[in-house]
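Quick look at what Swiss-Prot lists:
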BINDING   S63, F64, G65, G66, N67, G68, K69, T70  ATP binding site
Amino acid sequence: MNEEKNYELWLDNYFFKPNFWQKCLAFILLPLSVLYAFFAILNTFFRKKIVFKKPVISVGNLSFGGNGKTPLCKAIAREFDGVFIVLRGYKRKSKGLFVVKNQNEILCTLVQSGDEAMEYAFEENIKGVIVSEDRVKGIEKAFELGAKIVVLDDAFSKFHIKKFDILLESKIKPYFDFTLPSGAYRLPKFYEKRADFIALEGRDFVRYSFVKENPKAVLATAIAKPFRLYEHFIKARACYFFKDHYEFKKEELENLLKKHNCDTLMLTFKDFVKVKDFGFKCQIIELNIELKDSLREKIKTYIKEFEQ
């Protein structure tokens, strides 16, 4: 297996399995973490709470990087009708509010939406997708377009919005309980007490990941925490990791296939939406989540509050 050593993997090691020098760096940066935590806490106060008349559910996490928010949002959309996803649209090359999908019709380009939003747009059970830096405007637009439920991707820190907060608890904990840059936490760890439900893998949901072995495939991925795909590394001839949200270039992928005498790219769906027009033969790594009764019933109870 060949691995491309890059900044993304260095960060993964720094936050979750640091060596001696990375631990030293974390302590050197600790004063910056204290400042970061202070301003992060300050930002959660002094804003009027905004209340909506329909269910708003947030799926988020405290730590840096991916913890499975996208598969969990998809799982909620499979369980409940009329779900619209609202997200910031990280790394998109556009500003403001864009309706990416409405009632199963895709209305904008990948450049305008960003990779995560476009991945949602291809999910049949999701009725609409909206990107907006201002989540309140995004929620308002979703309900205007007929959403029954709005699911916010990565909005735990938006405490000015009254919502049902699901906080994903990762199986792999950050090495230090510090905020950025000394640790992986975006908010101090005690903020988890503000969640309505802390979802733990195995107890509240089950994660499925599947792809067939293919010796003629190169695995290429640009997701956070690529080692989540560890069990699949041996299923391809070679593996390459790129920075989260990386914009693939056709020529570089062609060169990787030629280098290893392969004819197929092994990708997550988030990666696939960025290369689908390149004409490559692709094999998708299926990443799914199934809700367990503990989480499903909590969401049902919350939704029923709006039916009274």
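Backbone N, Cα and C atoms are what each Cβ position is placed from, and that goes for glycine too.
For G66 (ATP binding site), the count of additional Cβ atoms within 10 Å of its Cβ stands at 20 [all protein chains shown]. Those residues of the chain, other than S63, F64, G65, G66, N67, G68, K69, T70, with a C-beta within 8 angstroms of the mean position of the ATP site C-beta atoms are N61, L168, S170, A224, K225.
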